[in-house]
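For reference, the structure is listed below as structure tokens.
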Amino acid sequence: MDFAALEDIDGVRLTWNIWPNSKLEATKCVIPFASIYTPNKRLPTMPVLPYEPVPCKQCTAVLNPYARVDFYSKVWICPFCHSRNHFPAHYQGISDNNMPAELYPNYCTIEYTLPKTVPPHPPAYIFLIDTCVSEDELGACKAAIMQAIQTLPEYACVGLVTFGTHVHVYELGFTECSKCFVFRGSKEYTSQQIIEQLGIRGGAPQRPGGPPAAGQPGQATGALQRRFLMPLGECEFTLTTALEELQKDSYPVIATHRPARCTGTAMQVASALLGASVPIGSCAGRILLFVGGPCTEGSGKVVNRELTEEIRSHKDLAKDGAPHYRKAKKFYDGLAAELVAHGHALDIFACALDQVGVAEMKDVVMTTGGLTVQTDTYHNVVFRDSLKRLFAREGEDGFLGLSSNASFEVIPSRDIKVAGLLGPAARVDKKSPYIADVEVGLGGTTTWKLCSLDSETSLALLYEITAAANRDAGDAQANSQFFLQFITRYLHWTGELRCRVTTVTRRWIDGSQVGEVITGFDQEAAAVLMGRLATHKMETEEDFDATRWLDRALIRLAQRFGDYRKDDPQSFNLRPELSFYPQFMFHLRRSPFVQVFGNSPDETAYYRMALFRVAVPDAMVMIQPQLTAYHFNGPPEPVLLDVSSILPERVLLLDAYFYVVVFHGTTIAQWRKAEYHLQPEHVAFAQVLAAPQSEAKEIVRKRFPVPKIVDCYHNGSQARFLLVKLNPSSTYTSATPMSAEVINTDDVSLATFTEHLKRLAVQS
């Protein structure tokens, strides 16, 4: 089966595409039964219908191509609960030759346009800027924000909040001079107190000459619209003036102390302001946090001001030696719940050499579906281009297709229960008959809320097969198919309310037919799911050893589906459907998702958030980067992610998702240094140098966050970016090194890893 082609049609990947029809046989398959679905994927062939979907009166599943239809009596039978439903009155003219689009067999994914339930509101953005950084850094940050504001439409609403020792909320509706409300950074506030102090609720006195905004409920919110959150066309001059005049936090900082930075309080103020300004569910609301250091003051503090106290490391978190971690996490979790209730997202642009507390804020970003960019300075092109891409228009490079206020629901067939979801969403407390007994991730429901989702946002859903082993043969034969339906109701980026319905079907099989079951195994989807599941367990279970857990799952899978004779490792052979899975696991074990050594908690949180957000092809690039070789003897070719791929007359291009490396072999690097590529007779050499550079730019053009490009050569300091990802088949312990490069490491190579796997799998 070509699973990638199926994904291009519906945006769905299943770890197993043929399911055993009993609970007992399902547990023997080792890898969980799961789907990875991209609800907002851009599908060029998908029709958008100008009417509402037709639901089943029993189970609320939507009419789809798998429903049995009686055109004579105008009745359809739901494939999920088998109940009979009458078509609504406007479907009376349907027949074999005149079918509605949702019954066409090739339209398994379809979108409906829904009537608006709340009056539309333009998108709203609050820029939340950290002023406790150097003048140089603040200047770069302001320049990038002003450049991004140029690309916003005039009707978009904007607000400005800055923070250092205190929080400053700018009144953009006041044009006579710069005016702002100040909140003390070290004081704890409730959202209600913030709203009252800003004079938003309770019939605030309206500024003379400021008429209430059209379509706003009541004068109070209308007056507010005129003050803190305003359409860009009306307040652009005030906003740019405020940004230009913005200066570094004026409070002096002692050399032995960190600056007083009240990030948590500022986030709470921005959240309360946005929540009170915009009717719930009416538009895309985002808080963009630009932060250049850790929170040291007030709620959400991650470290004290004294530089003698070091910021928490992984070791501190493991030994419970991080004094502020739990309290900060509790505060940010409360903030996340508030943002989810309003349907607003938080995006973090963390530009600092030190940690800023992303690990504590991780759940705010994850539950609201926000985006994160992490780099070392505001001058970095990664920050500038990523911010620009957030506001890209349709048709432009890197357009994200950001939609908002989505509710996502899954309806499975009989004998399938939903265990939970792993991805950027928030749980909705809604009872359902399809909930499994054992929860995984966001479980206990079949409905989730996504405050924000882009065209890459992917949700992993885990299922439990509940069928008993002794189903009679006739019943099993009659229902050899099972169905899954995903229903996403969301506010499209064009402002329309849409409902996307994807219905997929796969087949049941007798689980004892091992050879048949394995033909439906999707190695890539399974590797991505195991990556998400392992990192989730690392964060929620005490003393969880992810490497050991992944190894044991791999050994059990090899024992179940490998071909071998007992106690004879030489006879071990894996089927083609499983042949790449061990090397995926080898690279996953070495990846920054599982190995925290050498990474700060913030970096680990950043990598894991990205893994939980993207679709299968991108996640596979994170787990097992792609290596391409450019040389004189032919076109570019993919090569093994192995140290033996380094050759003197080769240029290598490594795509590791977060960065792209262009690596020049020894001879190529010397020729480049001698500038041979500038001489007319060496035009072929110039082409070999230019091809990987243009390919790297092509990769960068489409991706968010924008990857860093590393240009390096053999034995250069930057070559470590490539070496860390390669399989160390040739190390300092090798008897005869096999390649131009030798990696000084004690890590096992893929060959050793595979030998051990064979030996353990065939043990009786």
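Every residue, even glycine, has its Cβ placed from backbone N, Cα and C.
According to TrEMBL, the protein carries these features:
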- 53-91: domain 'Zinc finger Sec23/Sec24-type' (DOMAIN)
- 120-391: domain 'Sec23/Sec24 trunk' (DOMAIN)
- 201-220: region 'Disordered' (REGION)
- 203-220: compositional bias 'Low complexity' (COMPBIAS)
- 636-722: domain 'Gelsolin-like' (DOMAIN)
Count the residues of the domain 'Gelsolin-like' (636-722) that DSSP assigns to helix (H, G, I), to strand (E, B) and to coil, and report the three numbers in that order.
43 helix, 21 strand, 23 coil
Predicted model, mean pLDDT over the domain 'Zinc finger Sec23/Sec24-type' (53-91):
94
According to DSSP, how is the domain 'Zinc finger Sec23/Sec24-type' (53-91) divided among helix, strand and coil residues?
3 helix, 11 strand, 25 coil
